[in-house]
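Participant: Below is one structure. I have some questions about it.
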Amino acid sequence: MDPQNQHGSGSSLVVIQQPSLDSRQRLDYEREIQPTAILSLDQIKAIRGSNEYTEGPSVVKRPAPRTAPRQEKHERTHEIIPINVNNNYEHRHTSHLGHAVLPSNARGPILSRSTSTGSAASSGSNSSASSEQGLLGRSPPTRPVPGHRSERAIRTQPKQLIVDDLKGSLKEDLTQHKFICEQCGKCKCGECTAPRTLPSCLACNRQCLCSAESMVEYGTCMCLVKGIFYHCSNDDEGDSYSDNPCSCSQSHCCSRYLCMGAMSLFLPCLLCYPPAKGCLKLCRRCYDWIHRPGCRCKNSNTVYCKLESCPSRGQGKPS
């Protein structure tokens, strides 16, 4: 019986033909092997041609691991062969994009893609790409730089350290001035009866002592005599006659005076040292007499003042 008479004049038959297994394996092998590009010497460029120096220790920023680009594989589709029964001829049409164009009157099943063909190759490539990403992503932890301190916000301003003068006047405590001399009416505590010295200060960035004693020694060249006696003495403990060259109680008194007499021929300013030393002692006594607030009596009775309104600085005798 004629097939045209059975199915009618407007019917069509679609036959789906799949490629053989040998052709699939051969095509998969050809797609996996990609030709590698060979670069010439002119195309090769130096990545880092210069050194980069930094002022301090720094951590090199490592580039982020690049993910391996996934290779898009064009999967094969089934070969759709439409057969027109009316005209008795075969029209084969292969679609590479997964869509088959059929005549308007023919309605046949269309298979878009076949995922079973490249399953083995895609699973192998995915596993290799994931392993490479895992190795690149595991970077060693950065070690802290020794001596590096973490930055902290300063909340308190630095304060200037104020050093009080050792010979400065101390604050008077009214509770200490309770022992009053019965004869002169002045305080007999240790602070008030201590002798007052001439004022002095530090000059030249706190390196030189400026006082009346140093002015007398440098003005009369006595500092030079002390330096010579210091280098000639054998006493290493520091208690030598170089500190007091004019002292009569220490050893080598005659030799010291003879040496200073010989040096006065070349340094006549040494002859001014005895009168300058006498003037210095007189100035000390005058300054102490004026500025000492305590009692100077040698033999006197002491009265303890219990009243808060009693005079503590010799304003009057206590009753």
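If you go along the chain as it appears here, the first residue is 1 and each next one adds 1.
Glycine is no exception: its Cβ is also placed from the backbone N, Cα and C atoms.
So Swiss-Prot lists these for the protein:
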MOD_RES   M1  N-acetylmethionine
REGION    54-78  region 'Disordered'
COMPBIAS  69-78  compositional bias 'Basic and acidic residues'
REGION    100-160  region 'Disordered'
COMPBIAS  112-131  compositional bias 'Low complexity'
DOMAIN    183-295  domain 'SPR'
Participant: Any idea what the model's mean pLDDT is for the domain 'SPR' (183-295)?
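Facilitator: Its mean pLDDT is 85.
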Participant: How does the domain 'SPR' (183-295) divide up by DSSP, counting helix, then strand, then coil residues?
Facilitator: 61 helix, 7 strand, 45 coil
